[in-house]
Amino acid sequence: MSAAAPTPGPAPRSPAEPDAPARSSAAPDATAWSSAAPDATAWSSAAPAPAPRRARPRWQETLGLLARNPSAAVSAVLLLLLVLVAVFDETLAPSGPNEISVADRLQSPSLEHPFGTDDLGRDIFSRVILGAGVSLRVGFLAVAFALVVGSLAGLLAGFYGRWVDDVLMRAMDVLFAFPAVLLAIAVLAVRGPGAGNTALAIGIVYIPVFARVTRASVLGVREEVYVRASRSVGASDLRLLTRHVLPNAAPPIIVQTSISLAFAVLAEAALSFLGLGTQPPNPAWGLMLAEGRGYIDLAWWLAFFPGMAIFLTVLCFNLLGDGLRDVLDPRQRTLMSGGGR
Amino acid sequence: MVVLAGVSVIVFALVHLVPGDPVRLALGTRFSQETYDALRERSGLDQPLLAQFSGWLGRALSGDLGVSFRSGDTVTSLIAERLPATLTLAFASILVALLIAVPLGILSALRPRSVVDRIATVLSQIGISVPEFWMAIVLILVFSGTLGWLPSGGYVPLSEDPLGWLERLVMPAVVTGVVSGSVITRFVRSSVLEALGSDHVRTAQAKGLPGRQVFTWHALRNALLPLVTVTGVQLAYLLSGVVVVEIVFSWPGLGQLALQAVQARDYPVLQGAILLFAVVFLLINLVVDLLYTAIDPRIRR
């Protein structure tokens, strides 16, 4: 367990750490955060600090720090835009996803069709916009499922320890032993293709990741003074878990959520690409890539734009995840970076 | 062992979780009652569940993974046929990945926040986020389409045509290698940084040892530990997770076999492939643990 060695070291560790030009104002908060990460006393609202130091709510402070990290801030804005695009896709798309017009097939990008048209004359720009909804829905559903199930397992395992821990974490080890892509493929083989099943398949794959992250984080919080104090005045387990343990164990889970979203979008694209995820004629990015593959030397735009959309979305989630880690949890390095890769 | 037992139960359950009758699904719509009965009997699906499991487990332990619903070949022979291609690609990819990651990671750790470091960080972030199948398609477009330097896919054994083997290996290995390499680069960078900042390195510097010696013997050795873990994880991933790349490059590996099995509803083959991958994953973890003991004397008791 070399990772546990406390080496705060003068050298910067996180790759996407902000430049810290605004030392004067940013530094105090930043140091308070980093020193608080593993034994998160500062995280607790009930910290033994006598003075009421709660000038701003914690999440505002987090947002403020995040805004100072340019790549994370830009990513967050782009993702917000993407969500808006996905919500208003019908209004934004110039034409329907399946408006076939054989006369306009395989047109190169132009003013009328910014991303060109595909082999059936469908407008690729519209399909990329409508594909955003598919990708994000599956991604969010998958991660939400993994987050709820995995974190619950990790929370119980970490909090109760002993046999609960053994049973739950052994089960997670079993799940983790399956290769990610194949496990998802196997789930789809059993349940049949489609968007809902794709989300379920990807969600199952990420359960053990969330369970491990949560358990590790809960273990660090469980024996904190405020937890023991609350226990000694007779707080119930439920109250301890929801009021003290979970909020203080949350930062690594939040970071993991952002990173998992990146991989979930990627996995959805891969599964659709293989023909197992979203089914045609729905406009999923992976599916469009697969369809465009046959025309790659004739019409590069068929595969290029959906691929670019996947790439940028995944990149933004990754950068946001890195930024969140720097702010929320600077000492934790990617516990299992590339869980699925 | 517990994990292995759990894995085998899940793999076994796979066939039985399929809604409906797997044999009926595998045969499609047109088949006679005789072929149905024959296949059902041959795959042992007419026996009680527990007997099926013990029989399957016993045979799996002795290397018999059943018979393909489709071709009638044994699953073991199908897997053995595909294994060389997958192993070749996985090891070539990890080689590419390490060739990228180790120098790049060390360079950026030695000069944190320098131009090199920034470029490396951006590149690895891009490498992690780029969809492999998209990169594969772009490479095919450029190198076999426009430039015509490399064949767009396929596989020939090394013994038959060494040059053709290499030509076909380059692109898939680069695609998967770049992705894994990006992940590993970040690990190398952070573990070297951590090692450089640690007390024993400062002690060695204080003793007045030459910088190069401090670096190789004191910093790099310690940075090796996380590298072994992440390389192991990546290797396990590469052995199984390159399904998509195998498809794009028509690489006849195990991933392709598994996908074909899904499409043909050939459950024994899928079971066999998944079981194999899970076992390989556990084996790699075991090897990583053993390597730890070899590298880090503190773990030796």
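A Cβ is built for glycine as well, from the same backbone N, Cα and C atoms used for every other residue.
Features of the protein shown, as given by TrEMBL:
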{"type": "REGION", "residues": "A:1-54", "note": "region 'Disordered'"}
{"type": "COMPBIAS", "residues": "A:17-48", "note": "compositional bias 'Low complexity'"}
{"type": "TRANSMEM", "residues": "A:63-88", "note": "transmembrane segment"}
{"type": "DOMAIN", "residues": "A:132-321", "note": "domain 'ABC transmembrane type-1'"}
{"type": "TRANSMEM", "residues": "A:138-160", "note": "transmembrane segment"}
{"type": "TRANSMEM", "residues": "A:167-189", "note": "transmembrane segment"}
{"type": "TRANSMEM", "residues": "A:195-213", "note": "transmembrane segment"}
{"type": "TRANSMEM", "residues": "A:253-278", "note": "transmembrane segment"}
{"type": "TRANSMEM", "residues": "A:298-321", "note": "transmembrane segment"}
Establish whether the number of Cβ pairs under 8 Å between the transmembrane segment (A:167-189) and the transmembrane segment (A:253-278) reaches at least three, counting only pairs separated by 6 or more residues. yes
Stretch with greatest number of CB pairs under 8 Å, the transmembrane segment (A:298-321) reference, A:63-88, A:138-160, A:195-213 candidates: A:63-88
Same-chain residues at least 6 beyond the ends of the transmembrane segment (A:195-213) whose Cβ lies under 8 Å from its Cβ atoms: 134, 137-139, 141-147, 149-151, 153-154, 157, 168-169, 172-173, 175-176, 178, 180, 183-185, 187-188, 252-253, 256, 260, 263-264, 267-268, 271-272, 276-278, 282, 284, 335-336, 339-340
Contact set of the transmembrane segment (A:253-278) with the rest of its chain, CB cutoff 8 A exclusive, min separation 6+ beyond the ends, reads 134-136, 138-140, 142-143, 146-147, 151, 180-181, 184-185, 188-189, 193-195, 198-199, 201-202, 205-206, 209-210, 213-214, 217, 284-287, 289-290, 310, 313-315, 317-318, 320-321, 324-325, 328-329, 332, 334-335, 337-341
